[in-house]
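Trainee: Okay, handing you the structure first.
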Amino acid sequence: MSPAGEHGTAAPIEILPVAGLPEFRPGDDLGAAVAKAAPWLRDGDVVVVTSKAVSKCEGRLVPAPADPEERDRLRRKLVDEEAVRVLARKGRTLITENRHGLVQAAAGVDGSNVGRDELALLPLDPDASAAALRARLRELLGVEVAVLVTDTMGRAWRNGQTDAAVGAAGLAVLHGYSGAVDQHGNELLVTEVAIADEIAAAADLVKGKLTAMPVAVVRGLSVTDDGSTARQLLRPGTEDLFWLGTAEAIELGRRQAQLLRRSVRRFSAEPVPAELVREAVAEALTAPAPHHTRPVRFVWLQTPAVRTRLLDAMKDKWRADLAGDGRPAESIERRVARGQILYDAPEVVIPMLVPDGAHSYPDAARTDAEHTMFTVAVGAAVQALLVGLAVRGLGSCWIGSTIFAADLVRAVLGLPADWEPLGAIAIGYAAEPAGPRDPADPGDLLIRK
């Protein structure tokens, strides 16, 4: 990246076509052909050449069948071979990333401006191709020029294509204005100009697509060679805001939703927006339930004094129960300390089984089965709530403690006698955020009959 200063020029620039070039074939000397057609090149010029011309000279042509369907089948096979990942699909068009990090349609595989019995691939190393052409022109003409290898690309949010640099040598491909101040005194914090792409687009105005003019020269710019290449123009997928197409991003979100749920035991102090909890609860209430009922209620402990009173009472009961088991005091305190998460979490919600709509049976077996069915339904709603929180960036941890103190929970919270607490859910932003977990191997946990 070039240092701060103006990347443009107030003086006129020229964009000159290089006429008289042959139809290039594998093995041709591109540098010699350009030197012969443009002996007028001089120091500081920028030679802009289409990647197609470079590919032809470097033998990056693949024989293709004349039949349109077979040709298209081969093209798709080549796209698969050249691409390292697919970012987006629309109809039969694939937007891909190739091994160099270039993101464009069809991995640069192209059937234009080549024979109908051929398909062209991008150069293996466009930056190396640019450096080689620059060195060859220096050898033949004794001039110091910059070289850009270009290809046609679409642009996010805008119709139409433009040429962009895929290979570069001899010029600063980027110009950063960070720290510079404009004429109004405003500091330019993030402005960074893709000089190489601007030059590539300008040169295409004389190269065109149907003129058989694969090389142009841009003259009049102040070119600085900082050793950068076109690779510096590529933003890695991990840093790019648009590294997937819309449909693909939605699909990834669907596939990762379950995997985002983790048991988070340490939360940051950041407050939890109430609307996020309400939204997650609303989604959780769509979980499957028997008899078209709503067998779950979520009790949100929003009043700090109420939460503390409940947790203190549960702690006292837990201590008494453990002491009754004959456990030593040190062991009791370790076990009781595990419940501290419910004091520390920004929010706590208690899921309740509510038997409204449950069927009555004269025998214990079916009555127990009905209760089990309602319990499973509440469990489904709890899992749905945890996932709903996770997809909103909230961590959670389900803790079963209230199950062991059902009467106490009902008494402290003033709830009906037939409401059954099924644990407690601590909610907050994770102190140490983590990504989606890996799926488990079903192994012998998935039984086939």
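Quick reminder: no glycine exception, Cβ is built from N, Cα and C everywhere.
Copying in the features that Swiss-Prot gives for the protein in this structure:
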- Leu21, Pro22, Glu23, Phe24, Ser51, Lys56, Asn113: GTP binding site (BINDING)
- Asp110, Asp151: divalent metal cation 1 binding site (BINDING)
- Thr152: divalent metal cation 2 binding site (BINDING)
- Arg261, Arg262, Ser263, Val264, Arg265, Ala289, Gly400, Arg437: FMN binding site (BINDING)
- Asp321: coenzyme F420-(gamma-Glu)n binding site (BINDING)
- 1-245: region 'Coenzyme F420:L-glutamate ligase' (REGION)
- 246-449: region 'Dehydro-coenzyme F420-0 reductase' (REGION)
Trainee: For each of Val264, Ala289, count the other CB atoms within 10 A of its CB; which of these binding-site residues has the top count?
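Mentor: Output for this query is Val264.
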Trainee: Which of the binding-site residues Pro22, Lys56, Asp321 has its Cα closest in space to the Cα of Arg437 (FMN binding site)?
Mentor: Asp321
Trainee: Secondary structure at Ser51 (GTP binding site) (DSSP, helix/strand/coil)?
Mentor: helix
Trainee: If one looks at the chain holding Phe24 (GTP binding site), which residues at least 6 apart in sequence have a CB under 8 angstroms from its CB?
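Mentor: Counting only residues 6 or more apart in sequence, the Cβ neighbours of Phe24 (GTP binding site) under 8 Å are Leu30, Ala33, Ala53, Lys56, Cys57, Pro214.
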Trainee: Please classify the secondary structure at Lys56 (GTP binding site) using three-state DSSP.
Mentor: helix
Trainee: If I take the alpha carbons of Asp110 (divalent metal cation 1 binding site) and Gly400 (FMN binding site), what is the distance between them in whole Å?
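Mentor: If we compare the Cα positions of Asp110 (divalent metal cation 1 binding site) and Gly400 (FMN binding site), the gap is 60 Å.
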Trainee: Across all protein chains in the structure, which of the binding-site residues Glu23, Asp110 has the highest Cβ count within 10 Å?
Mentor: Asp110
Trainee: I'd like to know which of the binding-site residues Leu21, Pro22, Lys56, Ser263, Asp321 has the most other Cβ atoms within 10 Å of its Cβ.
Mentor: Lys56
Trainee: Take the C-alpha atoms of Asn113 (GTP binding site) and Asp151 (divalent metal cation 1 binding site) and report the distance between them in angstrom, rounded.
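Mentor: With distance taken Cα to Cα, Asp151 (divalent metal cation 1 binding site) is 13 Å from Asn113 (GTP binding site).
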Trainee: Just report the maximum Cα pair distance in Å for the recorded FMN binders Arg261, Arg262, Ser263, Val264, Arg265, Ala289, Gly400, Arg437, no decimals.
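Mentor: Result: 29 Å between the two most distant Cα atoms.
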Trainee: Select the most exposed residue of Arg261, Arg262, Arg437, where exposure means the fewest other Cβ atoms within 10 Å, treating these as the binding-site residues.
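Mentor: Counting other Cβ atoms within 10 Å of each of the binding-site residues Arg261, Arg262, Arg437, the minimum falls on Arg437.
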Trainee: How long is the line from the C-alpha of Asp151 (divalent metal cation 1 binding site) to the C-alpha of Pro22 (GTP binding site), rounded to the nearest angstrom?
Mentor: 19
